[in-house]
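Student: Encoded as structure tokens, here's the structure I'll be asking about.
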Amino acid sequence: MKLSPLTRVSEPALSGPAAGQHNAARRRSPLLRALWKRRFYMLLVALPTLLTALYLYGFATGQYVSEARFLVRSRQENSGGTALGAMIGAAGFKQSGEESLAVRDYLQSHDALYALVSNIDLIGLYRRPEADFLSSLWFSDPPAEFLQMYHNSMNTVKNDSTSGITTIRSRAFRPEDARLLADEQLRLSEAFVNQLSSRAKDETLRVAQEELERAEQRVIASQAAVTAWRQQEQAVDPTKSASIGLESLGSLEGSLTAARAELQEKSAFMRPDNPQIALLRNRIASLQSEIASHRQRLTRGGESLPTQIATYERLLLEREFADKQLASATASLETARLDAQRQQLFLARVVEPNLAEYPLYPRAWLIVLSLFAVLSVLYGIGWMLVAGIREHAL
């Protein structure tokens, strides 16, 4: 049996508007097919980028920036220990890096946040009516942690370790709000620096006052020890008393030697019962008794004279050291008082907060390009992973 060739039934020819619509559908089909092939790229990359651009250019509220800069300086330490030297060195100041870092940390802390909320109504400043929903603060009574996070995202504080200058950049939905926020943070920084300076002054005065009190107690104790020794030994100055006693003892011993020589001389030609001989013997006995009494007074009940002098000199040396310590403590306290009258730390305003004329944020073009680049890279990585999995599966 022989089969006849297949015959193609021709489509009916279209004319008029129906023919135009059919031709347009055939022309669009390659574009639709291309979009369908790239549907995942369009969904994961193009669509988020388009929505982000639509929000940034169509709905996002402009954010104004106000910038302020300041420098924390401290007085240079005076090399001299006198009050005059402290007054001469009072004009020298240097930048204080540690205090600058402390101010930076303070401005980013909850203490500064609570002060801003109390002083300038920070929550109302971040909830202006013209602000869009995504940029503004969402809650009228936000948790402290959320408010801290939002505030730190809208406000930055950076410190330059080279120059020591701290920069405050405050963002808000109104230019006057941004300047108010930056200016209030400058005021808080000044108050914080003054508080640090006041604490340093109080601590210095306290230490100097305690040192003076200890020196005074040492002087009192050393003087009491000298007085007690004098009362016990019944002598004002054992060195002088010993000198006088030794001179007197030497004179008595000289007289005793002379009397013995005279007795020996007269005994050679006089009878033993001669009245002059008896008189000389009585005089010698009297001198010997007086010499023994002097020696007993010098020894003070068995203690040797050098020991007495050494003890007394040690007490005098202790009193001298106590007097010098008191003089030094008095000078230190006076210097501390002079320093307390001057400001140890101060905040120097380098740049005052400005009133912005144009909103610098959000940077729409940068955000859109960055988002597009990141999503494209992630999509490319994902596509290569999927392609590799499919290849291994085959």
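Using N, Cα and C of the backbone, Cβ positions are placed for all residues, glycine too.
Note that the structure is a prediction, hence the values are computed from the model and not measured.
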Student: Match it up for me: which of 1-22, 199-220, 287-308 does TrEMBL list as region 'Disordered'?
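Tutor: Per TrEMBL, the stretch marked region 'Disordered' is 1-22.
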Student: In TrEMBL, which of 127-159, 193-225, 226-258 is labelled coiled coil?
Tutor: 193-225
Student: By Cβ distance under 8 Å, which residues at least 6 away from the ends of the coiled coil (193-225) in the same chain are close to it?
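Tutor: Distant Cβ neighbours of the coiled coil (193-225) are 72, 99, 102-103, 315, 318-319, 321-323, 325-326, 328-330, 332-333, 335-337, 339-340, 343-347.
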Student: Is the transmembrane segment (40-60) packed against any residues at least 6 beyond its ends, judged by a Cβ distance under 8 Å, and which are they?
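Tutor: Non-local partners: 132, 134-135, 362, 364, 367-368, 371-372, 375-376, 379.
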